[in-house]
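Record features, source TrEMBL:
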{"type": "DOMAIN", "residues": "5-119", "note": "domain 'Tetrahydrofolate dehydrogenase/cyclohydrolase catalytic'"}
{"type": "DOMAIN", "residues": "138-277", "note": "domain 'Tetrahydrofolate dehydrogenase/cyclohydrolase NAD(P)-binding'"}
{"type": "BINDING", "residues": "Gly164, Arg165, Ser166, Ile230", "note": "NADP(+) binding site"}
Amino acid sequence: MATIIDGKKISGDIKNELKDKVAKLNEKNITITLCVIQVGNDSASSIYVRNKKKACEEIGIRSISYELPEETSQEELINLIQELNQRPDINGILVQLPLPKHIDEDTIIKTISPEKDVDGFHPLNVGKLSLGQKGLVSCTPAGVIQLLKRYNIPIEGKECVIVGRSNIVGKPMSMLMLKENATVTICHSKTKNLAEVTKRADILIVAMGKPKFITGEYVKEGAVVIDVGIHRNENNKICGDVDFDDVVDKVSAITPVPGGVGPMTIAMLMHNCVETAMN
Ligand code: GUN
């Protein structure tokens with residue numbers, strides 16, 4: 001029987017630990033404030049932002065939000081971020097992505113002070129991660145590491161195959177698995193014979209953005225499968241990049257969607273917020 005990795009439980013554990021840490025900081029008169037900026041009113045973004053603010057409330061982090069109109073100019077957004085960078089009462093700054101087309105995301109991300117970059121997207125933090133130095137780490141891949149560790153799944157020396165090479169998940173994920181001494185392979189849309197590669201994986205991490213793409217034929221018997229995808233299918237049901245029912249009997253452990261990796265992202269965001277206050 002496969003272990004179903006309970007991301008909801010682990011994220012709850014992490015949030016409880018953080019709540020204690022925040023309370024201890026508060027006793028020393030240290031408060032933590034996250035500032036969330038949303039430009040436009042993309043409905044998915046609005047839900048993410050709401051959930052982030054709710055998590056802050058749960059663990060005792062103050063949150064401030066800016067909901068800016070779609071037509072906000074790049075310059076106006078940069079000016080706001082620069083002002084927030086200067087404010088000592090603000091620890092974390094998060095600009096919800098995607099941004100409207102007239103705003104360049106890379107320019108915005110590098111405007112955020114690296115010390116306040118709780119998403120871990122700033123080039124300095126990305127660079128530190130690849131150098132193995134301490135910095136703020138992208139939340140979703142950091143959450144995957146927490147799931148593996150808290151389920152005592154060994155990483156060192158294991159064959160880890162990551163499907164997807166995004167800046168938010170695939171690339172930082174590969175760096176984190178390397179840091180844990182896995183042998184890492186990254187696959188992407190141009191990879192030939194994908195199933196041949198994914199079948200080598202002791203730990204298969206899928207972040208490709210294709211609903212139920214990974215079926216049993218892509219998975220080795222006894223592998224650990226981590227599904228980072230999230231989609232809503234035609235019946236309004238949520239599913240991942242992995243065809244859960246097709247692989248569950250083959251694997252030793254697997255994350256469900258929903259309730260696997262998803263809840264970890266916000267828990268790790270909260271972790272990063274606390275980190276910014278500890279420095
Ligand atoms: N949009 C989708 N995922 C994320 C994320 O992790 N951070 C931000 N800022 N925007 C996102």
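Glycine is treated like the rest: Cβ placed from N, Cα and C.
Quantities reported herein were computed from a predicted structural model and do not represent experimental measurements.
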For Ile230 (NADP(+) binding site), nearby residues of its own chain (Cβ under 8 Å, 6 or more apart in sequence): Ile238, Gly240, Val257, Pro258, Gly262
Close in space, distant in sequence - Ser166 (NADP(+) binding site), Cβ under 8 Å, 6 or more apart: Ala207
Sparsest Cβ surroundings (other CB atoms within 10 Å) among the binding-site residues Gly164, Arg165: Arg165
Composition by DSSP (helix, strand, coil) of residues within the domain 'Tetrahydrofolate dehydrogenase/cyclohydrolase NAD(P)-binding' (138-277): 50 helix, 26 strand, 64 coil
DSSP-assigned states of the domain 'Tetrahydrofolate dehydrogenase/cyclohydrolase catalytic' (5-119) in counts, ordered helix, strand, coil: 61 helix, 19 strand, 35 coil
Distance in Å spanning the most remote Cα pair of Gly164, Arg165, Ser166, Ile230, given for NADP(+): 16
Predicted model, mean pLDDT over the domain 'Tetrahydrofolate dehydrogenase/cyclohydrolase catalytic' (5-119): 97
